[in-house]
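Database features, via Swiss-Prot:
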- MET39, GLY187: substrate binding site (BINDING)
- ARG115, THR160: ATP binding site (BINDING)
Amino acid sequence: MTSLKLLKEKAPLVICITNDVVKNFTANGLVALGASPAMSEFPADLEDLLKYAGGLLINIGTLTDENWKLYQAALKIAEKYNVPVVLDPVACGAGEYRKKVADDLINNYKLAAIRGNAGEIASLVGIDVASKGVDSAGVDNIDEIALAANEKFNIPIVVTGEVDAIAVNGEVVTIHNGSAMMPKVIGTGCLLGAVVASFIGLEKGQELKSLETAMLVYNIAGEMAEKRPNGHLPGTFKVEFINALYEITDEDVKEFKRVK
């Protein structure tokens, strides 16, 4: 299984083209975990950095016409250097423009994985799910949504919710770890996209195990943070979550994982 130890040994450079709201939180989370983040947003700079990158995150949270062009340019450069790309199609079910951008990036460029909540991924495959912007209500068929997207796009899929589902090559696993505090802190989902981008390229041909490890590390760190003093308060949880990402070990993952 792809391990946290391997990530810390390789310390992959992860280029994060992400939304303005979460850049600081994302960078701190990746550093705590053991990756090396770069928040570059200029094509000439990306040309230089992606030569050495282990992953690229495209997060469409703060979407503009200019950012759409940036995503396209970054994806072309990433393909040139064979850098795995994770797409986070934030709120793509909330309106036609976001859906149009997400469809363009999925259908016309090479992606290593797509990570989104149930409402976002369901919108990509035409399944009706109650959603509001970046949030989606509890969904019972999250594994079916993941499989439908995996089959449609032939791309590894991560769907997050009260239970998380990962679908790769027609196989699906569900992750039952996590903290109810995560949705109460802005940026936890966006940071997860960057964590997925950190793990996805560690071992070629092991996408399912890499994604499973990424999700377990992230969710168990959330459980650890919530259990700490005042971890039930959003401000404290945010800080303790970064601390937990720094402290979590492969042994913690092995002991506390709940996978079906």
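Note: Cβ is positioned from N, Cα and C throughout, glycine not excepted.
Locations of recorded Swiss-Prot features on the structure.
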{"residue": "MET39", "record": "substrate binding site", "contacts (Cβ under 8 Å, 6+ apart)": "CYS16, ILE17, THR18, LYS23, THR26, ALA27"}
{"residue": "ARG115", "record": "ATP binding site", "contacts (Cβ under 8 Å, 6+ apart)": "VAL86, LEU87, ASP88, ILE157, VAL158, THR160, LEU192, GLY193, VAL196"}
{"residue": "GLY187", "record": "substrate binding site", "contacts (Cβ under 8 Å, 6+ apart)": "VAL21, VAL22, PHE25, THR26"}
For THR160 (ATP binding site), the number of other Cβ atoms found within 10 Å of its own Cβ: 28
Conformational class of THR160 (ATP binding site) under the three-state DSSP mapping: strand
